[in-house]
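Read the structure below first, then the notes.
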């Protein structure tokens, strides 16, 4: 008889089948993240509606945008009642937004080149492990090259400035064995003397490799914001470190100078300092003296941000356990050595987020200079462009452009700082 | 000891420099450029164009003075000033004259130690309303909501006007003209009030300017004019009479087109001859040559031409001459005689 098999035992494996539709891929993701509960589903629906509304109302504004038109009125005629942005203002005035309205247009390549070189100069500083250390030589030369490119004038000015710095550094290395403190002062004086003397000697070099000189007053646009941001941040970090160390010093005079400076600057709004730079200084200086306005503003903003950075770094110093200081002392290191080798590397690492925070804030604060009649990007928009009879009334397009520029820069800085924090992470979390 | 000597030397240098700054005319001639303070941008009055060349009604005055003094209408360094920095820039000597739609008031003329050399635009506070509102006079605005810039004299003028006429209003405070424009267009207020020239240029930027009217009432006096520092009357005279020459030129029918022809030889009208230097020695009296006024007029045209080109009815701003017409045409422009 036939033997019926009653046991239900498979002889072979079933092929793997796909998981149910509801618990895989996009559906699962949707269920888990967007529709996990009634409240969540409601929020999702509402959000989608809001996003849809925004996109559908903004999209025509972008897609109907007019890029070629001589004035706002002409723009409106082209649009003929449709919604649409008048981006023609950007295509006509982009150079004024970036460089200001007086920088000669045939020389735009100079600040442009300085901007590109900035990345090459910053690369070994920012990504020390990726780029060869020899590139740091270029970084050291960069400030002088950039000055020459942007302001122009004979090449002897930045060359003598550089030689002065080198001379000071040379004196420092000769003196540092006797006393570090005296070496700093003497080398500073040496550099100063060198610059003053070279001022008398530079006459014959005036026409050698002279670029057309551009006065500070002719600069403007986003270039000013970038210049102020880069210069002031790079000056205020070392100043801030000195101030933070000075505030912790056991020498009362240095300590109190630093405390008074920091507390005074932090107690005064930046806009007040800018007014002092622009307006009040003009009363103190003898009439006819032309103390460069950009220089005045750089000094004020640097003072302002160095006080904030000093406090950030002081936080980093305070966060180090007492044992680290004692470890330095027990190894027989002097103050300068223990700071350089033990304390500051750790304290600065802790301070990175704070320093970046100050840097981003400072960069955005550079738009305040528009209040003292400097034509940075906001000054250009609010002043010359909006008050030309062609473009009076264009707001969204212009300020949107400024937003894009600032967002790119600030988001870049913030991403870099997060990367740097991960790179420097030495603890096991 | 050495430090004290150094500081003392600095002080002396400062004082000497202060004393040397007395002759503005000589300074300007030595420099070869006129430093003229203007606004950072006001439609029709001063703004750089796409090539960075300053243009506008106030700019025209600067160019005329530069042409009279230096013989070159482009020899002007325009120093942009904000409402907050303009007076210190003039007082500190950074600029030689200020042509920045500045209202001539008692305290500015006396307490701040400036000299207003004349009036190049008679402005006044007005009201703008949407046509749909059906209002034809500011007296009909009882109970209206009014967009008003805070902290300005316009705010005080508004309160005075409504109190005088026994009317009520509800202020909507705004900060800048741009904000006022947005609020008004969004319907946050029934009427927007500021200087009439500002209203006209704001309206010119609207998508549908014809749907809004500027009411005929002007509720304040805002005489705008160029000014110089106290203490250098020779320089003040040059600025004053350059402006007067532009106004007189319109009255006498001297234009940028016919000025060269009229100035070539003495003609039938003695006053025209005196202005253009073909008769008499007016130029010598203010320390300039005989052709000073001729160059000033040739630079941008007479007052009427400057007005028409920058803010007149053919421009988008479309201001009518109104008070700023010659006294012979029912306005109040009236220059003292050139004699």
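Think of each number as a place in line: the chain as shown, counted from 1.
A Cβ is built for glycine as well, from the same backbone N, Cα and C atoms used for every other residue.
Tertiary proximity for the transmembrane segment (A:41-63) is limited to same-chain residues at least six positions away from its ends with a CB under 8 Å from its CB atoms, namely 34-35, 82-85. The annotation transmembrane segment is assigned in TrEMBL to A:41-63 (among others).
Residues 95, 99, 135-136, 138-139, 142, 145-146, 149-150, 152, 211-212, 214, 223, 226, 230, 416, 420 of the same chain, all 6+ positions outside the transmembrane segment (A:107-128), place their C-beta atoms under 8 angstroms from a C-beta of that stretch. The transmembrane segment feature in TrEMBL is assigned to A:107-128 (among others).
Long-range neighbours of the transmembrane segment (A:180-202) within the same chain, counting only residues 6 or more positions beyond its ends whose Cβ lies under 8 Å from a Cβ of the stretch, are 154, 156-157, 160-161, 163-165, 167-172, 336. Under the heading transmembrane segment, TrEMBL lists A:180-202 (among others).
Marked as transmembrane segment by TrEMBL: A:222-245 (among others). Long-range neighbours of the transmembrane segment (A:222-245) within the same chain, counting only residues 6 or more positions beyond its ends whose Cβ lies under 8 Å from a Cβ of the stretch, are 97-100, 103, 111, 115, 118, 150, 258, 261-262, 294, 297-298, 301-302, 305-314, 317, 339, 344, 348, 355, 359, 362-363, 366-367, 369, 374-377, 402, 405-406, 409.
As annotated by TrEMBL, domain 'ABC transmembrane type-1' applies to A:222-417.
Taken from TrEMBL, the feature transmembrane segment applies to A:257-281 (among others). Through the fold, the transmembrane segment (A:257-281) approaches residues 243, 246-247, 249, 291, 293, 296-297, 299-301, 303-304, 306-308, 310-311, 365, 368-369, 371-373 of its own chain, all at least 6 residues removed from its boundaries and within a Cβ separation under 8 Å.
Taken from TrEMBL, the feature transmembrane segment applies to A:293-313 (among others).
Residues 96-98, 100-101, 220-222, 224-225, 228-229, 232-233, 236-237, 240, 270-271, 274-275, 277-279, 293-294, 297, 301, 304-305, 308-309, 312-313, 348, 398-399, 402, 405-406, 409-410, 413-414, 417 of the same chain lie 6 or more positions beyond the ends of the transmembrane segment (A:355-381) yet place their CB under 8 Å from a CB of it. As annotated by TrEMBL, transmembrane segment applies to A:355-381 (among others).
Residues annotated as transmembrane segment in TrEMBL: A:393-413 (among others). Listed by sequence, the residues of this chain that lie at least six past the ends of the transmembrane segment (A:393-413) yet keep a Cβ under 8 A from its Cβ atoms are 72, 85-87, 89-90, 97, 222, 225-226, 229, 356, 359-360, 363-364, 377-378, 381, 385-386.
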